[in-house]
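A short write-up of the structure that comes next.
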Amino acid sequence: MNESSEKIQVERKEIQRAAKDLRDAHPSEILAWGVKKFGSRKITLACSFGAEDVALVDMLQRIDPEVDIFYLDTDLHFPETYQTRDRLTRRYGKKFIRVTPDLTLEQQAEKWGDRLWERDPNLCCRLRKVEPLKKMLVGYQAWITGIRREQSPTRAHAEVVEWDEAFGLVKLNPLAYWTHEQVWSYIRERNVPYNPLHDRQYPSIGCQPCTIPVKPGQDFRAGRWAGFDKTECGLHPNRKGESQ
Ligand code: SF4
């Protein structure tokens, strides 16, 4: 085993230990651990302005307002999502980094045809989300996400700290063990601005063409890519390394 693969082994063990030690910690403690371990310039929060993410924005602002927070702007978000971004900016004085795809919607339509999401949402997500994310994460040692175990079977094995094979850095999921109710108690208690679509049966909010409200009793992510065998955009491959 050479020196660099030995170093990787040691780091992986450290991550596994941290995942175990921090499993029952409050998400704020997990965030504080990550900021301390990687430094505020080497860790970043991915924000899609959904309930989980706005809770994390609030926690992170109290821990270290210098940490970069970014969003993947597909140019296809709901107006309410952009309004939520603006309300958060006003509340915290935080500028969110806008990450854009290489192709505008017009260029994408020229190259791949109009309304690609209706024919090949996997390709559309790759072009407008996954590739931009890869570029954004270059230079960081860790990223923070709002995924929770109960959101879907593909997320049921998420740890609070894990190695992200897909993007090659550490991934913090501070809310992995939190429930829907815990997230909303936090939002209400702290009066955090949130996307008003959540009050209209949209528990999970993505791009406008690919998100519909859910019916009572349906899964949190049932309103995403309805009609397709797809519940993830490729940012969070499951634990078996299979991108959903
Ligand atoms: Fe395209 Fe839909 Fe994916 Fe957005 S969610 S990038 S519109 S396929």
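Heads up, the Cβ atoms here are built off N, Cα and C, so glycines get one too.
Any TrEMBL annotation is an automated prediction that lacks curation.
These features come from TrEMBL:
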- 43-212: domain 'Phosphoadenosine phosphosulphate reductase' (DOMAIN)
- Cys124, Cys125, Cys207, Cys210: [4Fe-4S] cluster binding site (BINDING)
- Cys233: active site, nucleophile (ACT_SITE)
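Everything TrEMBL records as a feature, shown here on the structure.
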| residue | record | CB count, 10 Å |
| --- | --- | --- |
| Cys124 | [4Fe-4S] cluster binding site | 23 |
| Cys125 | [4Fe-4S] cluster binding site | 25 |
| Cys207 | [4Fe-4S] cluster binding site | 23 |
| Cys210 | [4Fe-4S] cluster binding site | 21 |
| Cys233 | active site, nucleophile | 25 |
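Other than Cys124, Cys125, Cys207, Cys210, the residues of this chain whose Cβ falls within 8 Å of the Cβ centroid of the [4Fe-4S] cluster site are, in sequence order, Thr74, Leu76, Trp117, Pro121, Arg128, Lys129, Gly206, Pro209, Trp225, Cys233. When secondary structure is read from DSSP and collapsed to three states, Cys124 ([4Fe-4S] cluster binding site) falls in the helix class. Across the structure, Cys210 ([4Fe-4S] cluster binding site) and Cys233 (active site, nucleophile) are spaced 11 Å apart at their Cα atoms.
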